[in-house]
Amino acid sequence: MHALNAPQREAVKYLDGPLLVLAGAGSGKTRVITHKIAYLIRDCGYAPGTIAAITFTNKAAQEMQERVGRLLENRSVRGLAITTFHALGLQILRQEAARIGYKPRFSVLDAADSLHLLAEILKTTDKSLLKRIQHRISRWKNDLVAPGAAATQADSEQAVAAARAYVAYQDTLRAYQAMDFDDLIRLPVELLERDPEARGKWQDRLRYLLVDEYQDTNLGQYRLMKLLAGARAAFTAVGDDDQAIYAWRGANVENLRLLQDDFPRLKVIKLEQNYRSTLRILRAANHLIAHNTKLFEKKLWSELGLGEPIHVFAARDDEAEAENVVMRIEAHRLQHRTHYGDYAILYRGNHQARPFEEALRARRIPYQVSGGQSFFERTEIKDITAYLRLIHNSDDDPAFIRAITTPRRGVGVQTLEKLGAYAASRHLSLFAAVFEVGFEAQLTARQYEPLAAFCHFINGLEYRAAREPAGVILQDMLRGIGYETWLFDQAEPRIAETRWANVQDFVGWLARKGEEEGKTLAELVQTVALMSMLDNREEDANAVRLTTLHAAKGLEFRHVFLVGVEEGILPHRECIENGQVEEERRLMYVGITRARESLTLSHCLKRRRAREFQVCEPSRFIAELPQDDLRISGRETDPMRDKQEGSARLAQLKAMLKGSS
Ligand SMILES: Nc1ncnc2c1ncn2[C@@H]1O[C@H](COP(=O)(O)OP(=O)(O)OP(=O)(O)O)[C@@H](O)[C@H]1O
Ligand SMILES: [Mg+2]
C-alpha cells in the first residue's frame, strides 16, 4: 500500500460498489488494477479463481500476471484469470459450448481464415470487396446485431449484400464448428442473456471484475462485462477518454457515460499525478489534447522535473528519416550507456516500419516489431498451426484443406473436389467424409490411399497429443510430413532457412510452454489459435522496439521516437477526409505519453510513393505543441550534411568510449 498515493489507495480499497477510475496517461491506473488484485487475494480473502482482470492484449495480460505474482510473492494464484475479453469469452464458450449447439472443441478462425471463407461463400477474389464485407460483418457483431437482424439495418444496396453474406457466413461457420474472433464476445453475450442458469453460474464464479483500458471497449464487451457483474456490480474499470483510439473497431467512449447511467451507484475516482514522464513531455501532451472537445475534465502533473526539450526534426525523405533516427539511437545509447530496449520507434501504420527495419539491420542493431505482422501470421507458422488445429478439431475444414495440401501428398485437386461434394451432400466435414464407404467407392485405390493415410496420421497424432510430451510429438509430426524438405523445394535456400528456423522456434516454444505449464499438446493447441490473433511471441528485452501507435497503448519507454508526424499520415488522410481528426489527435496523445525521459518527433520533406516522390508537410499536431518546449532542427539545413555530421559524431563517440574502457 505504501507504493500508492492517496487516491490510488482509495481506489484499491473501495469495495462497496462499482468503481470507475478515470485518469490521464501514466497516472497509475494499471497499477491500481494490479494492486487491487493483490489486495483482494491477500487482504480480503478472495480465492484467486473468483477474480477476473481484463486487459487489452495478451501481452498486457502476461505483464500483469508477472506483477501480481511479484506482489503476492509465493502465494499461489491458481485460477486467477488475467485475460483479454476474447480469451475470457473463449473460456466461457469452451465450457458452455453445448448450450449453444457447439462441440467443446470448436475452432477459432483468424482474420485471414475468415476472409478465405468469405471468398468461398461469395465466390469472388476481389480482396477489397471481401475486406469491406468482412469489416461490415465485424461491426455488426461488435454491435451485437444478429445475422438475421442485419438486413433490417442495411441502408444501402451494398449493405444489403453484406447482410446476406453475414447470414451465409455464420451458417458456414456453424457447419464447420468454427467461430471467428468477434463471436468470442457476441456468443457469450447471447448465451448469458438468454440462459439464466449459465448466467447465474458465471456470476457466482466471478466475484470481482477488473477492466483496464475501459475507454476502448465496444458494445459487445461492455454488455459482457455487465452480464458478468450482475446485480452485485462488483467491478473496477479504469480508463482515459483521451486515449480512446479504437473507434474504427466499434469501440465507443460513450461507454464511459453509459456506465454512469447504468450504474447510478457508480463511484468515480480521479488520479492526477503522473509518474511516467517529465514535465515537458506532459506539457506537450496536455497542450495537444486541449485541442479536442472534452468529455471529462482531467488534470495531470508530474514531479519528475522539466526534462529535455522535445526534439523535432525534418528529414530529406523516408530513408533519411530512418537513417537519422537509428543514428540518434546509437549515439544516445553510447553516450548514456543505455540499452537498446530503452528505445522505441512508434509509427501510425505498419508500412512505415520497413525503412527502419532496414536501417537497424544495416547497423546490426537488435530490434523487435510488434503490432505488425506477427510471427504467427507467417505462412510457415500458419501451415503448422493448420495441423495443430486439425489435431484439435478434425471437423475444421479450412485447416484440413491447408494441411492436406501443404506439403502436397499426392492428393489431387479432383479428388479434393469429389470429397468436398460428397461431404456437402452428406452434411459431413471433409475429414469425416473420408471414412465413409460411399465416398471410398467413388475413388480408385491409388486416389484413396494417400487420403486415408493422411487421416490416419492425424488420428495417430491426436491420440498421442493427450498423452506424450508436446516436443516429441511435434518433431515426429514435422518429420512425418517432410516439412523441411518441402520448404527447401519451395523457396531459395536463404528464405527456406529462415522459415525452417521460424518453425523450429515455434515448435520449441510450444514444447517449453508444455513443460513449464505441465500441459499436453492437446491442451496447448487450444490457446495457440487465439494467441496467434493477438500478438507476438516473447520479447527480446534488449532490442529496439518498433510498434504501431495502436499497439503501444499502455506501454512506456525511456526514449521514444515518434516518426512520420506528417499531414496525411498522422492525422491519416482518410481520417482528415472523414472528420476523425480528434481520434487521430488522441493517437498522437497516446504516442507522446509513452515517453518517460525523452521524446523525438520526426517528419519527412519528401516521401517515396510508388516510384515518385511526394512533397510532405509537417503534421498540424506539431503546431499544437507548446513551442517553447520544442527544439526544432533540420528544416533549413542540408540533409546530406546532417548525415555526414551524424556519422562523424558517431565515430567520435565510439573512439572516445574505446579509449575510456
Ligand atoms: N504511486 C506510485 N508511485 C510510484 N510510481 C508509480 C505510482 N503509480 C504509478 N507509478 C508508475 O508510473 C508509471 C505509469 O503507471 P501505469 O502504467 O499504471 O499508468 P496508467 O495510468 O495505466 O498509464 P496508461 O494510461 O498509459 O495506461 C508506471 O511506471 C508505474 O509503475
Ligand atoms: Mg495503463
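The backbone N, Cα and C atoms fix where each Cβ goes, glycine too.
Just one of Arg276, Arg280, Arg283 is listed by TrEMBL for the same ATP site as Ala23, Gly24, Ala25, Gly26, Ser27, Gly28, Lys29, Thr30, and that one is Arg276.
Within the same chain, residues at least six positions away from Arg276 (ATP binding site) with a Cβ under 8 Å of its Cβ are Ala25, Gly26, Ser302, Leu304, Glu556, Thr593, Arg596. Shown in sequence order, Arg31, Asp240, Leu271, Asn274, Tyr275 are the same-chain residues outside Ala23, Gly24, Ala25, Gly26, Ser27, Gly28, Lys29, Thr30, Arg276 whose Cβ sits within 8 Å of the Cβ centre of the ATP site.
In the predicted model, the domain 'UvrD-like helicase C-terminal' (279-554) has a mean pLDDT of 86. Sparsest Cβ environment among the binding-site residues Ala23, Ala25 (other Cβ atoms counted within 10 Å): Ala25. The Cβ of Ser27 (ATP binding site) lies under 8 Å from the Cβ of Leu271, Glu272, Gln273, Asn274, Tyr275, Leu300, each of which sits 6+ residues away along the same chain. In the three-state DSSP scheme, Ser27 (ATP binding site) falls into the coil class. Counting Cβ atoms from all protein chains shown, Lys29 (ATP binding site) has 25 others lying within 10 Å of its own Cβ.
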